[in-house]
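Heads up: the structure comes next, in C-alpha coordinates.
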Amino acid sequence: MGFIKKLSGKCHMPDIMIVFLFFLITVFMTYPMLRTGNILVYSDWSFHGMRVEQIFRNLKRSQPFTFIATDTFQHTGVGNFLFYPEVFLYPWAFLRLFLRPVTAFYCWYGLIMLATFTTAYFCMKSFSGRRIAAMTTSLAYTLGTYHLYLSNAVLGEFIAVTFLPLAFWAFHEILFKDCSRWPWLAVGMSLLMYSHVLSVMMTSEIMFVIFLMKLVFARIDRQRFIALIKAVGVTILLSLFIVIPYLTDFIGKNITSAQPGISKPMLKPLMDVISTSFNDAISPNGIGIFLILTAVLGCALVLKLDSRLLTAVYVTGLSLIIVSTSVFPWGNLSDTPFSMVQMPFRYLSYASMFLAVVLGTAVDELSRSEAFNTTFKRTAFATMTVGIFLIPYSGHHHDLNQSLQNAGTHLLKDRKSGAFEQLPDIAAVNNSNYGYMCEYPVKYGELDYYPMKARRSTNVVGYNKTNLSIIENIILTDGRHLKGIPECGANTLKYKIRTNRATVIDLPVVRYNGSYATVNGRKARLLDSSRGTVKVRTYAGENRITVGYRPSVLYYASVIIMALTWILLAIAPIYMKARSVKHKS
(Lines of atoms letter the chains of each structure in order from A and count residues from 1; the text may use other names and numbers.)
(Lines give C-alpha, C1' and ligand atoms only; values in the text may rest on other atoms or scores of the structure.)
Protein backbone atom coordinates (compact mmCIF):
# COMPACT_ATOMS: atom_id res chain seq x y z
CA MET A 1 0.00 0.00 0.00
CA GLY A 2 2.89 2.33 -0.72
CA PHE A 3 0.52 4.34 -2.93
CA ILE A 4 -0.42 6.57 0.04
CA LYS A 5 3.23 7.54 0.63
CA LYS A 6 3.01 9.86 -2.37
CA LEU A 7 1.63 12.59 -0.14
CA SER A 8 4.14 12.19 2.66
CA GLY A 9 7.56 11.70 1.05
CA LYS A 10 10.07 14.36 0.06
CA CYS A 11 9.81 16.27 -3.23
CA HIS A 12 6.04 15.97 -3.33
CA MET A 13 5.28 19.66 -2.95
CA PRO A 14 4.14 19.78 -6.63
CA ASP A 15 1.52 17.13 -5.81
CA ILE A 16 0.26 19.19 -2.89
CA MET A 17 0.12 22.28 -5.08
CA ILE A 18 -1.85 20.41 -7.76
CA VAL A 19 -4.32 19.12 -5.17
CA PHE A 20 -4.67 22.70 -3.93
CA LEU A 21 -5.35 23.74 -7.53
CA PHE A 22 -8.10 21.11 -7.67
CA PHE A 23 -9.50 22.57 -4.46
CA LEU A 24 -9.59 26.05 -6.00
CA ILE A 25 -11.30 24.72 -9.14
CA THR A 26 -13.85 22.92 -6.94
CA VAL A 27 -14.58 26.16 -5.08
CA PHE A 28 -14.91 27.94 -8.43
CA MET A 29 -17.40 25.26 -9.51
CA THR A 30 -19.42 25.14 -6.32
CA TYR A 31 -19.53 28.54 -4.62
CA PRO A 32 -21.43 30.45 -7.35
CA MET A 33 -24.13 27.76 -7.33
CA LEU A 34 -24.33 27.96 -3.54
CA ARG A 35 -24.72 31.75 -3.71
CA THR A 36 -27.88 31.43 -5.82
CA GLY A 37 -29.54 29.68 -2.89
CA ASN A 38 -31.33 27.30 -5.27
CA ILE A 39 -31.10 23.67 -6.33
CA LEU A 40 -32.64 22.43 -9.57
CA VAL A 41 -34.31 19.09 -8.89
CA TYR A 42 -34.79 16.73 -11.82
CA SER A 43 -34.00 13.18 -12.94
CA ASP A 44 -32.77 11.10 -9.96
CA TRP A 45 -32.02 14.05 -7.65
CA SER A 46 -35.28 13.78 -5.71
CA PHE A 47 -34.78 10.04 -5.15
CA HIS A 48 -31.40 10.52 -3.50
CA GLY A 49 -32.37 13.80 -1.86
CA MET A 50 -35.25 12.11 -0.05
CA ARG A 51 -33.00 9.23 1.00
CA VAL A 52 -30.62 11.76 2.52
CA GLU A 53 -33.52 13.51 4.24
CA GLN A 54 -34.55 10.23 5.88
CA ILE A 55 -30.99 9.47 7.01
CA PHE A 56 -30.70 13.01 8.39
CA ARG A 57 -33.93 12.71 10.39
CA ASN A 58 -32.86 9.35 11.78
CA LEU A 59 -29.47 10.75 12.78
CA LYS A 60 -31.32 13.48 14.70
CA ARG A 61 -33.12 10.64 16.49
CA SER A 62 -29.69 9.11 17.35
CA GLN A 63 -30.31 6.18 15.00
CA PRO A 64 -27.29 5.57 12.71
CA PHE A 65 -28.96 2.84 10.63
CA THR A 66 -31.70 3.56 8.12
CA PHE A 67 -33.50 0.60 6.57
CA ILE A 68 -36.92 1.85 5.46
CA ALA A 69 -38.45 5.20 4.53
CA THR A 70 -40.80 6.53 7.19
CA ASP A 71 -40.73 10.35 6.97
CA THR A 72 -40.10 10.33 3.21
CA PHE A 73 -41.42 8.37 0.21
CA GLN A 74 -44.99 9.01 1.42
CA HIS A 75 -44.47 7.10 4.72
CA THR A 76 -44.71 3.76 2.88
CA GLY A 77 -41.79 2.01 4.59
CA VAL A 78 -40.23 1.24 1.20
CA GLY A 79 -36.80 -0.34 1.61
CA ASN A 80 -34.70 1.42 -1.00
CA PHE A 81 -32.08 1.86 1.74
CA LEU A 82 -31.80 -1.92 1.96
CA PHE A 83 -31.03 -2.49 -1.70
CA TYR A 84 -29.48 0.76 -2.95
CA PRO A 85 -26.22 1.67 -1.18
CA GLU A 86 -26.33 4.86 0.85
CA VAL A 87 -22.84 4.93 2.43
CA PHE A 88 -21.74 8.09 0.62
CA LEU A 89 -25.04 9.82 1.33
CA TYR A 90 -24.17 9.85 5.04
CA PRO A 91 -21.66 12.75 4.70
CA TRP A 92 -24.43 14.81 3.06
CA ALA A 93 -26.86 13.88 5.84
CA PHE A 94 -24.19 14.63 8.46
CA LEU A 95 -23.65 18.09 6.96
CA ARG A 96 -27.42 18.63 7.24
CA LEU A 97 -27.04 18.41 11.01
CA PHE A 98 -25.01 21.63 11.00
CA LEU A 99 -25.86 23.42 7.75
CA ARG A 100 -28.98 24.54 5.93
CA PRO A 101 -30.21 22.16 3.18
CA VAL A 102 -28.83 24.03 0.15
CA THR A 103 -25.45 24.66 1.78
CA ALA A 104 -25.18 21.04 2.90
CA PHE A 105 -25.83 19.74 -0.62
CA TYR A 106 -23.30 21.99 -2.34
CA CYS A 107 -20.63 21.24 0.27
CA TRP A 108 -21.19 17.52 -0.30
CA TYR A 109 -21.15 18.08 -4.06
CA GLY A 110 -17.82 19.88 -3.75
CA LEU A 111 -16.34 17.07 -1.66
CA ILE A 112 -17.26 14.47 -4.28
CA MET A 113 -15.83 16.63 -7.08
CA LEU A 114 -12.58 17.17 -5.18
CA ALA A 115 -12.33 13.45 -4.44
CA THR A 116 -12.77 12.70 -8.16
CA PHE A 117 -10.07 15.18 -9.18
CA THR A 118 -7.67 13.81 -6.58
CA THR A 119 -8.32 10.10 -7.15
CA ALA A 120 -7.93 10.42 -10.92
CA TYR A 121 -4.73 12.44 -10.48
CA PHE A 122 -2.90 10.06 -8.16
CA CYS A 123 -4.01 6.95 -10.03
CA MET A 124 -2.76 8.35 -13.32
CA LYS A 125 0.45 9.57 -11.67
CA SER A 126 1.15 6.07 -10.41
CA PHE A 127 0.19 4.62 -13.80
CA SER A 128 2.37 6.95 -15.89
CA GLY A 129 4.85 8.43 -13.44
CA ARG A 130 4.20 11.88 -14.95
CA ARG A 131 2.52 14.83 -13.25
CA ILE A 132 1.44 16.68 -16.39
CA ALA A 133 -0.18 13.51 -17.72
CA ALA A 134 -1.88 12.94 -14.37
CA MET A 135 -3.14 16.51 -14.05
CA THR A 136 -4.49 16.54 -17.62
CA THR A 137 -6.17 13.17 -17.20
CA SER A 138 -7.82 14.35 -14.00
CA LEU A 139 -9.09 17.56 -15.61
CA ALA A 140 -10.36 15.77 -18.73
CA TYR A 141 -12.10 13.07 -16.70
CA THR A 142 -13.67 15.25 -14.01
CA LEU A 143 -14.67 18.14 -16.28
CA GLY A 144 -15.85 15.85 -19.07
CA THR A 145 -19.40 16.62 -20.16
CA TYR A 146 -20.74 13.17 -19.30
CA HIS A 147 -19.42 13.47 -15.75
CA LEU A 148 -20.91 16.96 -15.48
CA TYR A 149 -24.24 15.52 -16.62
CA LEU A 150 -24.05 12.92 -13.84
CA SER A 151 -23.16 15.59 -11.28
CA ASN A 152 -26.35 17.51 -12.01
CA ALA A 153 -28.77 14.80 -10.97
CA VAL A 154 -27.65 11.17 -11.46
CA LEU A 155 -26.03 11.06 -8.05
CA GLY A 156 -25.45 7.32 -7.61
CA GLU A 157 -23.28 7.10 -10.72
CA PHE A 158 -21.78 10.52 -9.93
CA ILE A 159 -20.35 9.04 -6.73
CA ALA A 160 -19.27 5.80 -8.41
CA VAL A 161 -17.28 7.63 -11.10
CA THR A 162 -14.99 8.90 -8.33
CA PHE A 163 -13.63 5.40 -7.75
CA LEU A 164 -13.40 3.99 -11.28
CA PRO A 165 -9.77 5.17 -11.72
CA LEU A 166 -8.76 3.52 -8.44
CA ALA A 167 -10.35 0.18 -9.37
CA PHE A 168 -8.82 0.07 -12.86
CA TRP A 169 -5.41 1.31 -11.71
CA ALA A 170 -5.27 -1.47 -9.11
CA PHE A 171 -6.48 -4.05 -11.64
CA HIS A 172 -3.69 -2.98 -14.00
CA GLU A 173 -1.14 -3.26 -11.18
CA ILE A 174 -2.20 -6.85 -10.47
CA LEU A 175 -2.17 -8.01 -14.09
CA PHE A 176 0.87 -6.15 -15.39
CA LYS A 177 3.01 -4.65 -12.63
CA ASP A 178 3.11 -5.03 -8.85
CA CYS A 179 0.56 -7.64 -7.79
CA SER A 180 1.32 -6.95 -4.11
CA ARG A 181 -0.95 -3.92 -4.52
CA TRP A 182 -4.00 -6.20 -4.74
CA PRO A 183 -5.60 -4.64 -1.60
CA TRP A 184 -6.21 -1.49 -3.64
CA LEU A 185 -8.43 -3.43 -6.04
CA ALA A 186 -10.49 -4.62 -3.07
CA VAL A 187 -10.69 -1.03 -1.81
CA GLY A 188 -11.68 0.34 -5.21
CA MET A 189 -14.34 -2.28 -5.90
CA SER A 190 -15.75 -1.95 -2.38
CA LEU A 191 -16.04 1.82 -2.69
CA LEU A 192 -17.85 1.27 -5.99
CA MET A 193 -20.16 -1.17 -4.22
CA TYR A 194 -20.85 1.47 -1.57
CA SER A 195 -21.82 3.89 -4.36
CA HIS A 196 -23.72 2.09 -7.12
CA VAL A 197 -24.15 -1.68 -7.42
CA LEU A 198 -24.75 -1.57 -11.18
CA SER A 199 -21.39 0.15 -11.65
CA VAL A 200 -19.75 -2.83 -9.95
CA MET A 201 -21.35 -5.15 -12.49
CA MET A 202 -20.29 -2.97 -15.44
CA THR A 203 -16.76 -2.60 -14.07
CA SER A 204 -16.50 -6.36 -13.60
CA GLU A 205 -17.64 -6.92 -17.20
CA ILE A 206 -14.90 -4.69 -18.57
CA MET A 207 -12.27 -6.16 -16.26
CA PHE A 208 -13.29 -9.67 -17.33
CA VAL A 209 -12.80 -8.77 -21.01
CA ILE A 210 -9.37 -7.28 -20.22
CA PHE A 211 -8.51 -10.41 -18.25
CA LEU A 212 -9.49 -12.64 -21.20
CA MET A 213 -7.41 -10.54 -23.59
CA LYS A 214 -4.46 -10.85 -21.24
CA LEU A 215 -4.91 -14.63 -21.28
CA VAL A 216 -5.01 -14.64 -25.08
CA PHE A 217 -1.89 -12.54 -25.64
CA ALA A 218 0.25 -13.38 -22.61
CA ARG A 219 0.62 -15.77 -19.74
CA ILE A 220 -0.69 -14.88 -16.28
CA ASP A 221 1.46 -16.38 -13.57
CA ARG A 222 0.12 -18.09 -10.47
CA GLN A 223 1.03 -15.21 -8.17
CA ARG A 224 -1.19 -12.80 -10.09
CA PHE A 225 -4.10 -15.25 -10.04
CA ILE A 226 -3.75 -15.54 -6.28
CA ALA A 227 -3.64 -11.74 -5.94
CA LEU A 228 -6.90 -11.46 -7.90
CA ILE A 229 -8.54 -14.11 -5.71
CA LYS A 230 -7.39 -12.28 -2.57
CA ALA A 231 -8.83 -9.02 -3.90
CA VAL A 232 -12.17 -10.70 -4.62
CA GLY A 233 -12.22 -12.25 -1.15
CA VAL A 234 -11.50 -8.98 0.65
CA THR A 235 -14.05 -7.16 -1.53
CA ILE A 236 -16.68 -9.64 -0.38
CA LEU A 237 -15.76 -9.07 3.27
CA LEU A 238 -15.89 -5.29 2.84
CA SER A 239 -19.21 -5.42 0.96
CA LEU A 240 -20.99 -8.19 2.82
CA PHE A 241 -23.27 -5.76 4.69
CA ILE A 242 -24.65 -4.60 1.32
CA VAL A 243 -25.08 -8.15 0.00
CA ILE A 244 -26.86 -9.58 3.07
CA PRO A 245 -30.15 -7.63 2.60
CA TYR A 246 -30.31 -8.92 -0.97
CA LEU A 247 -29.99 -12.47 0.33
CA THR A 248 -32.49 -12.09 3.18
CA ASP A 249 -35.09 -9.74 1.70
CA PHE A 250 -34.78 -9.53 -2.08
CA ILE A 251 -33.79 -12.73 -3.86
CA GLY A 252 -36.79 -15.02 -4.23
CA LYS A 253 -39.05 -12.61 -2.32
CA ASN A 254 -40.91 -11.13 -5.33
CA ILE A 255 -39.53 -7.65 -4.75
CA THR A 256 -39.09 -5.49 -7.84
CA SER A 257 -36.18 -3.22 -8.64
CA ALA A 258 -35.79 -0.61 -11.35
CA GLN A 259 -37.39 -1.97 -14.50
CA PRO A 260 -34.78 -4.07 -16.37
CA GLY A 261 -34.38 -4.06 -20.12
CA ILE A 262 -33.08 -1.68 -22.76
CA SER A 263 -35.72 0.35 -24.55
CA LYS A 264 -35.18 1.94 -27.97
CA PRO A 265 -35.20 5.53 -26.66
CA MET A 266 -32.15 4.63 -24.57
CA LEU A 267 -30.19 3.54 -27.66
CA LYS A 268 -28.54 6.47 -29.39
CA PRO A 269 -26.95 6.36 -32.86
CA LEU A 270 -23.18 6.64 -32.93
CA MET A 271 -23.39 9.86 -34.96
CA ASP A 272 -25.57 11.42 -32.23
CA VAL A 273 -22.88 10.70 -29.65
CA ILE A 274 -20.18 12.11 -31.92
CA SER A 275 -22.12 15.29 -32.80
CA THR A 276 -23.20 15.88 -29.19
CA SER A 277 -19.59 15.47 -28.07
CA PHE A 278 -18.30 17.94 -30.67
CA ASN A 279 -20.98 20.40 -29.55
CA ASP A 280 -19.56 19.97 -26.03
CA ALA A 281 -23.07 19.76 -24.62
CA ILE A 282 -23.66 18.50 -21.09
CA SER A 283 -25.71 15.46 -22.00
CA PRO A 284 -26.01 11.71 -21.42
CA ASN A 285 -25.14 11.28 -25.11
CA GLY A 286 -21.69 12.83 -25.26
CA ILE A 287 -18.22 12.93 -23.72
CA GLY A 288 -17.15 16.46 -24.64
CA ILE A 289 -15.02 18.00 -27.34
CA PHE A 290 -11.61 17.21 -25.81
CA LEU A 291 -12.31 13.51 -25.39
CA ILE A 292 -14.02 13.07 -28.77
CA LEU A 293 -11.02 14.75 -30.42
CA THR A 294 -8.85 12.28 -28.53
CA ALA A 295 -10.98 9.44 -29.90
CA VAL A 296 -10.61 10.76 -33.46
CA LEU A 297 -6.94 11.80 -33.36
CA GLY A 298 -5.56 9.49 -30.69
CA CYS A 299 -4.49 6.92 -33.26
CA ALA A 300 -1.67 9.28 -34.31
CA LEU A 301 -0.23 9.27 -30.78
CA VAL A 302 -0.63 5.51 -30.50
CA LEU A 303 1.26 4.96 -33.76
CA LYS A 304 3.98 7.43 -32.75
CA LEU A 305 4.65 5.95 -29.31
CA ASP A 306 4.22 2.34 -30.46
CA SER A 307 3.08 1.36 -26.96
CA ARG A 308 1.03 -1.82 -26.61
CA LEU A 309 -0.37 -0.58 -23.31
CA LEU A 310 -1.46 2.80 -24.67
CA THR A 311 -2.90 1.09 -27.75
CA ALA A 312 -4.98 -1.17 -25.51
CA VAL A 313 -6.22 1.82 -23.49
CA TYR A 314 -7.13 3.72 -26.66
CA VAL A 315 -8.91 0.77 -28.30
CA THR A 316 -10.82 0.11 -25.05
CA GLY A 317 -12.01 3.73 -24.97
CA LEU A 318 -13.16 3.60 -28.60
CA SER A 319 -14.87 0.24 -28.06
CA LEU A 320 -16.81 1.55 -25.08
CA ILE A 321 -18.12 4.48 -27.13
CA ILE A 322 -19.45 1.96 -29.64
CA VAL A 323 -20.91 -0.21 -26.86
CA SER A 324 -22.79 2.82 -25.56
CA THR A 325 -24.65 3.27 -28.87
CA SER A 326 -27.14 1.45 -31.09
CA VAL A 327 -24.24 0.12 -33.19
CA PHE A 328 -23.73 -2.53 -30.51
CA PRO A 329 -26.28 -5.39 -30.83
CA TRP A 330 -28.17 -4.64 -27.62
CA GLY A 331 -31.34 -6.13 -29.09
CA ASN A 332 -29.79 -9.59 -28.94
CA LEU A 333 -29.04 -9.14 -25.24
CA SER A 334 -32.52 -8.14 -24.10
CA ASP A 335 -33.14 -11.40 -22.23
CA THR A 336 -29.70 -11.64 -20.63
CA PRO A 337 -28.22 -10.16 -17.44
CA PHE A 338 -26.62 -7.46 -19.63
CA SER A 339 -30.04 -5.84 -19.99
CA MET A 340 -29.75 -4.75 -16.35
CA VAL A 341 -27.61 -1.89 -17.67
CA GLN A 342 -30.90 -0.29 -18.85
CA MET A 343 -29.12 2.70 -20.39
CA PRO A 344 -26.10 1.79 -22.53
CA PHE A 345 -24.84 5.37 -22.45
CA ARG A 346 -23.65 4.55 -18.93
CA TYR A 347 -20.56 3.08 -20.59
CA LEU A 348 -19.53 6.62 -21.52
CA SER A 349 -18.13 7.03 -17.99
CA TYR A 350 -15.66 4.26 -18.78
CA ALA A 351 -14.94 5.55 -22.29
CA SER A 352 -14.22 8.97 -20.77
CA MET A 353 -11.78 7.49 -18.28
CA PHE A 354 -9.77 5.51 -20.86
CA LEU A 355 -9.68 8.36 -23.38
CA ALA A 356 -8.66 10.80 -20.63
CA VAL A 357 -5.59 8.61 -20.06
CA VAL A 358 -4.71 8.87 -23.76
CA LEU A 359 -5.26 12.64 -23.74
CA GLY A 360 -3.13 13.02 -20.62
CA THR A 361 -0.32 11.06 -22.26
CA ALA A 362 -0.56 13.18 -25.43
CA VAL A 363 -0.37 16.47 -23.51
CA ASP A 364 2.57 15.19 -21.47
CA GLU A 365 4.43 14.18 -24.64
CA LEU A 366 3.86 17.67 -26.01
CA SER A 367 5.18 19.24 -22.79
CA ARG A 368 8.41 17.26 -23.19
CA SER A 369 9.06 18.52 -26.70
CA GLU A 370 11.83 20.96 -27.62
CA ALA A 371 9.36 23.85 -27.60
CA PHE A 372 9.00 23.54 -23.81
CA ASN A 373 12.59 22.80 -22.78
CA THR A 374 12.81 25.07 -19.71
CA THR A 375 11.13 25.01 -16.32
CA PHE A 376 9.44 28.34 -17.02
CA LYS A 377 8.04 27.14 -20.34
CA ARG A 378 6.78 23.89 -18.83
CA THR A 379 5.12 25.78 -15.98
CA ALA A 380 3.50 28.13 -18.49
CA PHE A 381 2.41 25.10 -20.53
CA ALA A 382 0.81 23.48 -17.47
CA THR A 383 -0.99 26.73 -16.62
CA MET A 384 -2.22 27.02 -20.20
CA THR A 385 -3.47 23.42 -20.07
CA VAL A 386 -5.57 24.17 -16.98
CA GLY A 387 -6.94 27.29 -18.65
CA ILE A 388 -7.90 25.42 -21.83
CA PHE A 389 -10.00 22.98 -19.80
CA LEU A 390 -11.59 25.72 -17.71
CA ILE A 391 -12.65 27.93 -20.64
CA PRO A 392 -15.40 25.60 -21.97
CA TYR A 393 -16.37 24.65 -18.44
CA SER A 394 -16.85 28.34 -17.62
CA GLY A 395 -19.47 28.51 -20.37
CA HIS A 396 -21.35 25.52 -18.95
CA HIS A 397 -21.01 26.97 -15.47
CA HIS A 398 -22.42 30.32 -16.55
CA ASP A 399 -25.45 28.66 -18.15
CA LEU A 400 -26.11 26.56 -15.05
CA ASN A 401 -25.83 29.57 -12.75
CA GLN A 402 -28.23 31.51 -14.96
CA SER A 403 -30.70 28.64 -14.70
CA LEU A 404 -30.35 28.62 -10.92
CA GLN A 405 -30.74 32.40 -10.65
CA ASN A 406 -33.85 32.32 -12.84
CA ALA A 407 -35.36 29.32 -11.09
CA GLY A 408 -38.32 31.28 -9.70
CA THR A 409 -40.72 29.92 -12.31
CA HIS A 410 -39.91 26.37 -11.18
CA LEU A 411 -40.12 26.92 -7.41
CA LEU A 412 -41.76 23.90 -5.79
CA LYS A 413 -45.10 24.67 -4.19
CA ASP A 414 -46.62 23.26 -1.03
CA ARG A 415 -48.83 20.26 -1.75
CA LYS A 416 -51.26 20.03 1.13
CA SER A 417 -53.74 17.51 -0.18
CA GLY A 418 -55.76 16.53 -3.20
CA ALA A 419 -55.34 14.12 -6.08
CA PHE A 420 -52.13 12.22 -6.77
CA GLU A 421 -49.47 14.62 -8.01
CA GLN A 422 -45.94 13.59 -8.83
CA LEU A 423 -42.93 15.87 -8.51
CA PRO A 424 -42.62 18.10 -11.62
CA ASP A 425 -40.05 17.27 -14.30
CA ILE A 426 -37.99 20.24 -13.10
CA ALA A 427 -38.44 21.83 -9.70
CA ALA A 428 -36.43 24.45 -7.86
CA VAL A 429 -35.94 24.23 -4.11
CA ASN A 430 -34.29 26.54 -1.62
CA ASN A 431 -33.95 26.59 2.14
CA SER A 432 -37.57 27.74 2.52
CA ASN A 433 -39.37 25.15 0.42
CA TYR A 434 -36.91 22.25 0.65
CA GLY A 435 -39.25 20.28 2.91
CA TYR A 436 -42.02 20.38 0.30
CA MET A 437 -40.26 17.58 -1.58
CA CYS A 438 -41.39 15.16 1.13
CA GLU A 439 -44.99 15.80 0.09
CA TYR A 440 -44.53 14.56 -3.49
CA PRO A 441 -43.75 11.11 -4.90
CA VAL A 442 -40.27 11.37 -6.41
CA LYS A 443 -39.96 11.63 -10.18
CA TYR A 444 -38.05 8.38 -10.70
CA GLY A 445 -37.76 5.49 -8.26
CA GLU A 446 -40.84 5.89 -6.06
CA LEU A 447 -41.94 2.31 -6.83
CA ASP A 448 -38.48 0.74 -6.80
CA TYR A 449 -38.32 -2.18 -4.35
CA TYR A 450 -42.09 -2.48 -4.05
CA PRO A 451 -43.55 -6.00 -3.91
CA MET A 452 -44.47 -7.57 -7.24
CA LYS A 453 -48.11 -7.63 -6.08
CA ALA A 454 -48.21 -3.85 -5.86
CA ARG A 455 -46.08 -3.19 -8.91
CA ARG A 456 -47.84 -5.48 -11.39
CA SER A 457 -51.24 -6.22 -9.89
CA THR A 458 -53.02 -4.77 -12.92
CA ASN A 459 -50.32 -5.73 -15.44
CA VAL A 460 -49.10 -2.13 -15.32
CA VAL A 461 -45.48 -1.69 -14.31
CA GLY A 462 -45.94 1.96 -13.30
CA TYR A 463 -48.59 3.52 -11.08
CA ASN A 464 -51.82 1.59 -10.70
CA LYS A 465 -54.77 1.39 -8.33
CA THR A 466 -52.95 -0.92 -5.92
CA ASN A 467 -49.69 0.92 -5.45
CA LEU A 468 -51.43 4.30 -5.47
CA SER A 469 -53.46 3.13 -2.48
CA ILE A 470 -50.16 2.54 -0.66
CA ILE A 471 -48.67 5.88 -1.70
CA GLU A 472 -51.84 7.71 -0.65
CA ASN A 473 -51.73 6.02 2.80
CA ILE A 474 -55.00 4.11 2.42
CA ILE A 475 -55.76 1.64 5.24
CA LEU A 476 -58.01 -1.27 4.24
CA THR A 477 -60.33 -2.68 6.90
CA ASP A 478 -63.78 -4.30 6.76
CA GLY A 479 -64.21 -3.25 3.14
CA ARG A 480 -63.55 0.38 4.03
CA HIS A 481 -60.76 2.63 2.73
CA LEU A 482 -59.41 4.95 5.43
CA LYS A 483 -56.64 7.49 5.02
CA GLY A 484 -54.16 7.26 7.87
CA ILE A 485 -50.99 9.30 8.36
CA PRO A 486 -48.66 7.51 10.80
CA GLU A 487 -46.40 8.85 13.50
CA CYS A 488 -42.93 8.48 12.00
CA GLY A 489 -39.87 7.21 13.84
CA ALA A 490 -36.51 5.72 12.94
CA ASN A 491 -37.43 2.60 10.93
CA THR A 492 -40.88 2.54 12.56
CA LEU A 493 -44.39 3.76 11.75
CA LYS A 494 -47.09 4.01 14.42
CA TYR A 495 -50.84 4.02 13.84
CA LYS A 496 -53.80 4.54 16.17
CA ILE A 497 -56.89 2.85 14.77
CA ARG A 498 -60.24 2.33 16.53
CA THR A 499 -62.42 -0.60 15.45
CA ASN A 500 -65.81 -1.75 16.71
CA ARG A 501 -64.75 -5.39 16.73
CA ALA A 502 -61.76 -7.64 16.27
CA THR A 503 -60.85 -7.48 12.60
CA VAL A 504 -58.05 -7.52 10.04
CA ILE A 505 -56.30 -4.31 8.98
CA ASP A 506 -54.15 -3.92 5.87
CA LEU A 507 -51.72 -1.04 6.44
CA PRO A 508 -50.10 0.98 3.61
CA VAL A 509 -46.59 -0.14 4.59
CA VAL A 510 -44.47 -2.24 2.24
CA ARG A 511 -43.68 -5.65 3.70
CA TYR A 512 -40.26 -7.32 3.62
CA ASN A 513 -38.84 -10.44 5.16
CA GLY A 514 -37.54 -8.40 8.10
CA SER A 515 -40.78 -6.50 8.67
CA TYR A 516 -42.56 -6.82 12.01
CA ALA A 517 -45.64 -5.39 13.72
CA THR A 518 -46.95 -5.05 17.25
CA VAL A 519 -50.56 -4.41 18.27
CA ASN A 520 -50.99 -2.81 21.69
CA GLY A 521 -47.44 -3.82 22.56
CA ARG A 522 -47.85 -7.47 21.57
CA LYS A 523 -46.05 -9.02 18.62
CA ALA A 524 -48.51 -9.61 15.79
CA ARG A 525 -48.41 -12.28 13.11
CA LEU A 526 -48.17 -10.81 9.63
CA LEU A 527 -50.91 -12.01 7.30
CA ASP A 528 -50.78 -12.32 3.53
CA SER A 529 -51.88 -9.13 1.77
CA SER A 530 -53.04 -8.66 -1.81
CA ARG A 531 -50.99 -5.44 -1.89
CA GLY A 532 -47.77 -6.94 -0.54
CA THR A 533 -48.15 -4.78 2.56
CA VAL A 534 -48.29 -5.35 6.33
CA LYS A 535 -51.58 -6.93 7.38
CA VAL A 536 -52.47 -7.78 11.01
CA ARG A 537 -55.37 -8.82 13.23
CA THR A 538 -56.60 -6.18 15.66
CA TYR A 539 -58.82 -6.03 18.75
CA ALA A 540 -62.10 -4.26 19.42
CA GLY A 541 -61.50 -0.69 20.58
CA GLU A 542 -58.38 1.40 20.12
CA ASN A 543 -55.38 -0.34 18.54
CA ARG A 544 -51.89 1.08 18.77
CA ILE A 545 -50.03 -0.55 15.90
CA THR A 546 -46.29 -0.24 15.38
CA VAL A 547 -44.76 -1.41 12.11
CA GLY A 548 -41.03 -1.56 11.57
CA TYR A 549 -38.11 -3.34 10.01
CA ARG A 550 -35.51 -5.41 11.84
CA PRO A 551 -32.53 -6.80 9.89
CA SER A 552 -31.17 -10.26 10.50
CA VAL A 553 -28.31 -10.95 12.90
CA LEU A 554 -26.22 -11.67 9.81
CA TYR A 555 -26.49 -8.02 8.81
CA TYR A 556 -24.97 -6.73 12.05
CA ALA A 557 -22.33 -9.47 11.90
CA SER A 558 -21.43 -8.33 8.38
CA VAL A 559 -21.08 -4.71 9.59
CA ILE A 560 -18.61 -5.89 12.24
CA ILE A 561 -16.72 -7.95 9.64
CA MET A 562 -16.56 -4.93 7.35
CA ALA A 563 -15.21 -2.67 10.11
CA LEU A 564 -12.58 -5.21 11.19
CA THR A 565 -11.48 -5.73 7.58
CA TRP A 566 -11.00 -1.99 7.07
CA ILE A 567 -8.97 -1.82 10.29
CA LEU A 568 -6.78 -4.73 9.17
CA LEU A 569 -6.23 -3.12 5.76
CA ALA A 570 -5.15 0.09 7.49
CA ILE A 571 -2.73 -1.46 9.99
CA ALA A 572 -1.29 -4.25 7.79
CA PRO A 573 1.17 -1.95 5.93
CA ILE A 574 2.38 -0.50 9.23
CA TYR A 575 2.94 -3.98 10.63
CA MET A 576 4.71 -5.17 7.47
CA LYS A 577 7.01 -2.16 7.44
CA ALA A 578 7.88 -2.56 11.13
CA ARG A 579 8.61 -6.22 10.53
CA SER A 580 10.82 -5.37 7.54
CA VAL A 581 12.81 -2.81 9.57
CA LYS A 582 13.25 -5.35 12.36
CA HIS A 583 14.62 -7.97 9.96
CA LYS A 584 17.07 -5.49 8.44
CA SER A 585 18.40 -4.53 11.85
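Just so you know, glycine gets a Cβ as well, placed from its N, Cα and C.
If you check TrEMBL, you get these features:
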TRANSMEM  12-34  transmembrane segment
TRANSMEM  103-124  transmembrane segment
TRANSMEM  145-171  transmembrane segment
TRANSMEM  191-213  transmembrane segment
TRANSMEM  225-247  transmembrane segment
TRANSMEM  281-302  transmembrane segment
TRANSMEM  309-328  transmembrane segment
TRANSMEM  348-367  transmembrane segment
TRANSMEM  553-576  transmembrane segment
Which residues of the chain, 6 or more past the ends of the transmembrane segment (348-367), have a CB below 8 A from one of its CBs? 120, 124, 127-128, 130, 132-138, 140-141, 144, 146-147, 150, 157, 160-161, 164-165, 168, 199, 202-203, 206, 273, 284, 286-288, 290-291, 294-295, 298, 301-302, 304-305, 310, 313-314, 316-318, 320-321, 324, 378, 381-382, 385
Should anything in the same chain at least six residues away from the transmembrane segment (309-328) have a Cβ under 8 Å from its Cβ atoms, list it; otherwise answer none. 176, 206, 210, 213, 267-270, 272-273, 287, 294-295, 298-299, 301-302, 344-348, 350-351, 353-355, 357-358, 361
Outside the transmembrane segment (12-34), six or more residues from its ends: residues with CB under 8 Å to it: 6, 102-103, 106-107, 109-110, 113-114, 117-118, 121-122, 125, 131, 134-135, 138, 386, 390, 393, 397, 400-401, 404
Can the transmembrane segment (281-302) be said to touch the transmembrane segment (191-213) if we require at least 3 CB pairs below 8 Å and skip pairs under 6 apart in sequence? no
May I ask for the residues of the chain that lie six or more residues beyond the transmembrane segment (553-576) and have a Cβ under 8 Å from a Cβ within it? 1-2, 183, 186-187, 234, 237-241, 243-245, 247-248
Near the transmembrane segment (145-171) in space but 6 or more residues beyond its ends, with Cβ under 8 Å, are 40-45, 48, 84-85, 88, 109, 112-113, 115-116, 119-120, 123-124, 126-127, 181-182, 184-185, 187-189, 191-192, 195-196, 199, 203, 207, 210, 231, 277, 280-284, 286-288, 345-346, 348-350, 352-353, 393, 396, 400
